[in-house]
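*Asks:* Relevant sequence annotations retrieved from Swiss-Prot are reproduced here:
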SIGNAL    1-19  signal peptide
DISULFID  Cys28-Cys62  disulfide bond
DISULFID  Cys38-Cys53  disulfide bond
BINDING   Asp77, Tyr107, Tyr207, His268  Fe(3+) 1 binding site
ACT_SITE  Lys88  active site
BINDING   Thr132, Arg136, Ala138, Gly139  hydrogencarbonate 1 binding site
DISULFID  Cys172-Cys188  disulfide bond
DISULFID  Cys185-Cys196  disulfide bond
ACT_SITE  Ser274  active site, nucleophile
DOMAIN    360-689  domain 'Transferrin-like 2'
DISULFID  Cys363-Cys395  disulfide bond
DISULFID  Cys373-Cys386  disulfide bond
CARBOHYD  Asn385  N-linked glycosylation site
DISULFID  Cys472-Cys547  disulfide bond
BINDING   Thr474, Arg478, Ala480, Gly481  hydrogencarbonate 2 binding site
CARBOHYD  Asn491  N-linked glycosylation site
DISULFID  Cys496-Cys690  disulfide bond
DISULFID  Cys506-Cys520  disulfide bond
DISULFID  Cys517-Cys530  disulfide bond
DISULFID  Cys588-Cys602  disulfide bond
DISULFID  Cys640-Cys645  disulfide bond
Amino acid sequence: MKLFIPALLFLGTLGLCLAAPKKGVRWCVISTAEYSKCRQWQSKIRRTNPMFCIRRASPTDCIRAIAAKRADAVTLDGGLVFEADQYKLRPVAAEIYGTEENPQTYYYAVAVVKKGFNFQLNQLQGRKSCHTGLGRSAGWNIPIGLLRRFLDWAGPPEPLQKAVAKFFSQSCVPCADGNAYPNLCQLCIGKGKDKCACSSQEPYFGYSGAFNCLHKGIGDVAFVKESTVFENLPQKADRDKYELLCPDNTRKPVEAFRECHLARVPSHAVVARSVNGKENSIWELLYQSQKKFGKSNPQEFQLFGSPGQQKDLLFRDATIGFLKIPSKIDSKLYLGLPYLTAIQGLRETAAEVEARQAKVVWCAVGPEELRKCRQWSSQSSQNLNCSLASTTEDCIVQVLKGEADAMSLDGGFIYTAGKCGLVPVLAENQKSRQSSSSDCVHRPTQGYFAVAVVRKANGGITWNSVRGTKSCHTAVDRTAGWNIPMGLLVNQTGSCKFDEFFSQSCAPGSQPGSNLCALCVGNDQGVDKCVPNSNERYYGYTGAFRCLAENAGDVAFVKDVTVLDNTNGQNTEEWARELRSDDFELLCLDGTRKPVTEAQNCHLAVAPSHAVVSRKEKAAQVEQVLLTEQAQFGRYGKDCPDKFCLFRSETKNLLFNDNTEVLAQLQGKTTYEKYLGSEYVTAIANLKQCSVSPLLEACAFMMR
C-alpha cells in the first residue's frame, strides 16, 4: 500500500501548486455524523490544507450549493454524479476500491436475499424491498432499470415512483416522496421528519442501511453493492445465510458476485464545478489527507472509516485511495454509456427508447460537413440524423457518449478511437483506375501512399534537406499529414520538438499562436485560424496542398492522389483552376525526387485507408445502414448524382474522401489493431510518447 497508493495519487499532479490555497475547500456534508467527521478532518489537516464543513439536508442540496459557489466538493454515487452534470459539475477524483494488488474504480450492483425463499429476480412483484436511496446506482437506477419490463409503467409523464410503489408491496426508498407514494417509505424507520430521509438520519439509508433492512427481516430483498454483505457480516457462517439474485433468474452465493451481479458501476466520485471549481485545491487536499490518514497510515482519525455503528461517512469505508480523473472526462464519460443508457431508460417512454435505438447519428466536423450531412439526411429513407462537433476528437467523444454513432476517420484517429474502445465498421476503398465495377464491397482495402509534395521550381529541397523549410500538414494526429512524416523525423533526429523541425508550419489542431500555426489562414474572414476543421482553408488533404500551391509552404504532406485531384482542371475552385500536376514533384526517402504520378515508387509510407468507426454494440446496425445508403447514393448508386452523392463534396472530402469508390467490408479486421496493422500501431504508439493527448489520457482512465 505504501508504494501503490501514493503512486496513484501522484498521477496528474505535475504542475500542481502544492502551496495551501488562500481559501480552503468547503466540503459539503448531509448528516450530523458526517459533519462531526468532517470537523475532525478539518482540525487534523488545517495546517497544510485549510478546509471548511458545509452542511446541507441531502446530496441534491449539496450539488446545488456547489453550483451556487456556497460549497466546493462532495462525494457522490454514480446516479448523483449524473444529476450533478445538469448543474455543470464534473467528477475530479474517483474512489479506489479492492486491494493494493487488485485496485479497482468500480463496484458491482447486486440484489441480496435470504436463503430459504425460492423467488428469483423475475418474481419480485409483491415483495418487500430495501433500497440505498432514490436515484442512486446500486439501490435504484440499476435494479429498477432491469425491472422496468415488469412494471406497469408506460414512461413519462407518469411518475416512475408511482409504478415502483405498485410493484413492491412495501419498500424503504430513502429520498422518495413519502407523501405521494407512502408505500415507498413504509419500511423506513427514521423518527418524525427523518423517516425516509435522504441521509443517515434514516437508519435504512445507504448500503449498510438497506442491508440492515433485509437483515432484520423487514424486507425480502436489498439492492446494494457486492462488498456490503462482507462489511456487515465478517463471519462466513453469517454470510452463508444470504444469496444473490442473478439476471438469468438463478441464485448464487454472495462470494460469486463477479458472475452474479446486476451491473458493474463506476465508483463514487468527488465532484466540483466544471469552471472555477478549485480542482487543484481539492486534489491536493485529498492527496495530503490520504497520505496522512489513509489505511496505510493508522491514526486516531481515519479518512476511510466511520466511528461506531456509522457507515460510509464522507467516503465509502471500503476506499483505499483516490485516482485523479483526467480533465477531459465529464460526468457522462465517467459513468460510461451502459450506465447512461440505463438512466435514460428510466426517463423515456418505451416508444422513445425504441426510436433512439433505431436511429443512426452521423457526426460532422465543422459547418461544411454538417451541411452535407443534412443534405444526406433529407434524402435518406432511413432514420439518419446529424450532430456537429468542432474537431475530430470531439466527434469521437460524442460517439463514446452515445450522442453520435459513427463517422469516417483517417488512420491516426482510428488509432485514437480504438484506444477509446471504438471499432472499425467499413473501409473507404479508393476509386480503382483498373476497374469500373461496382462489385467491390468485398475487395480488400489496400490503403494509400503518404507523400511529401514540393513545387518543381523549388529544386533545392530533398527529403534530406526538408528540415528548416516551411511545411503544410493536413492536421495534427492525421496519418499522411502528421503521423508518418513527423514519426520519420522523430526517428531521424531523436527529438520530439515538433515546432523546431520546420521554420514555420500550418498544422491545424496545434496550439494557436505557435510556430506550427504560423502559416494557417483561417476562413475567408480570417477567423478560426489553425482549427482542425474545414473552417481553416489549409485543413485536410486539399487544404495542405493549397497551402503549398499558394506559396505559403515549401512542402505539403498529403496522400498520393491529392495533387491529381486538384490539378489539370479536376478542382474548379479559383485557387486551383490553373494548377498543373507537372508543376509539382514528390520527395523520395532516398533523397531523390519523382513526378507526382510515381507515388508507388516514391512515398513516405503506405497508410491504412480511412474507415468508418462506431461503438461495438452499434457496429452491425451502422454497417447495414451504410451499405443500404451506398446502394442508393454511392458512386454507382441509383440516386447519384440526381439526388445526392456520398462521395462528392462542394469543397473537398466532406464526411468521406471524394475518391472513395466504395465502402468495403473489413475481411475480419474488426479491431483497430487488425485494421491498422501492427507496424502502424507501433509507429503511432512511439510517436505518441512525444506528447500528451488529453483524449488518450481520458480513454486510458476509462478503459482501465
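Cβ atoms are placed via backbone N, Cα and C, with glycine included.
Relative to the rest of the structure, where do these features sit?
*Replies:* DSSP classifies Cys62 (disulfide bond) as helix under the three-state reduction.
Cys53 (disulfide bond): 19 other CB atoms within 10 A of its CB, across all protein chains.
In sequence order, Tyr97, Ala138, Lys225, Glu226, Ser227, Arg264, Val265, Ser267 are the residues of the chain that are 6 or more apart from Tyr107 (Fe(3+) 1 binding site) and have a CB within less than 8 Å of its CB.
Using a 10 Å radius centred on the Cβ of Lys88 (active site) and all shown protein chains, the other Cβ atoms total 14.
Take the CB of Gly139 (hydrogencarbonate 1 binding site) and look out to 10 A: across all protein chains shown you find 31 other CB atoms. In three-state terms derived from DSSP, Gly139 (hydrogencarbonate 1 binding site) belongs to a helical segment.
According to DSSP, Cys172 (disulfide bond) is assigned to a strand segment.
Mapped onto three states, the DSSP output places Cys185 (disulfide bond) in helix. Counting only same-chain residues six or more apart in sequence, the Cβ atoms lying under 8 angstroms from the Cβ of Cys185 (disulfide bond) belong to Ser171, Cys172, Val173, Ala176, Gly178, Lys195, Cys196.
With a 10 A radius on its CB, Ser274 (active site, nucleophile) counts 18 other CB atoms from all the protein chains.
DSSP classifies Cys363 (disulfide bond) as strand under the three-state reduction. Around Cys363 (disulfide bond), the C-beta neighbours below 8 angstroms that are at least 6 residues distant in the chain are Cys386, Ser387, Leu388, Ala389, Cys395, Gln398, Val399, Ala404, Asp405, Ala406, Met407.
In this structure, Cys373 (disulfide bond) is part of a helix by DSSP.
For Asn385 (N-linked glycosylation site), the same-chain residues 6+ apart in sequence whose C-beta sits under 8 angstroms from its C-beta are Lys359, Val360, Val361, Trp362, Ser377.
Taken residue by residue with DSSP, Cys547 (disulfide bond) is part of a helix.
All chains included, 29 other C-beta atoms sit within 10 angstroms of the C-beta of Ala480 (hydrogencarbonate 2 binding site).
For Asn491 (N-linked glycosylation site), no same-chain residue 6+ apart in sequence has a C-beta under 8 angstroms from its C-beta.
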*Asks:* How long is the line from the C-alpha of Gly139 (hydrogencarbonate 1 binding site) to the C-alpha of Cys506 (disulfide bond), rounded to the nearest angstrom?
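*Replies:* Computed Cα spacing between Gly139 (hydrogencarbonate 1 binding site) and Cys506 (disulfide bond) is 53 Å.
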*Asks:* In whole Å, note down how far the CA of Cys373 (disulfide bond) lies from the CA of Cys472 (disulfide bond).
*Replies:* 28
*Asks:* What are the sequence-distant neighbours of Cys640 (disulfide bond), meaning same chain, six or more residues apart, C-beta distance under 8 angstroms?
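*Replies:* When sequence neighbours closer than 6 are ignored, Cys640 (disulfide bond) has Gln632, Phe633, Gly634, Leu646, Arg648 within Cβ distance under 8 Å.
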*Asks:* Considering Cα atoms only, can you say which of Tyr207, His268, Cys496, Cys530 is the nearest neighbour of Cys38 (disulfide bond) among these recorded positions?
*Replies:* His268
*Asks:* Quick check: which same-chain residues outside Thr474, Arg478, Ala480, Gly481 lie with their CB within 8 A of the centre of the hydrogencarbonate 2 site CB atoms?
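*Replies:* Here the non-site neighbours turn out to be Asp410, Gly412, Ala450, His473, Ala475, Thr479, Trp482, Asn483, Gly540, Tyr541, Ala544, Phe557, Val558, Lys559.
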*Asks:* Within the same chain, and leaving aside Asp77, Tyr107, Tyr207, His268, name every residue whose CB is within 8 angstroms of the centroid of the CB atoms belonging to the recorded Fe(3+) 1 site, in sequence order.
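*Replies:* Everything else in range on the chain: Gly78, Thr132, Arg136, Ser137, Ala138, Lys225, Val265, Ser267, Asp312, Arg316.
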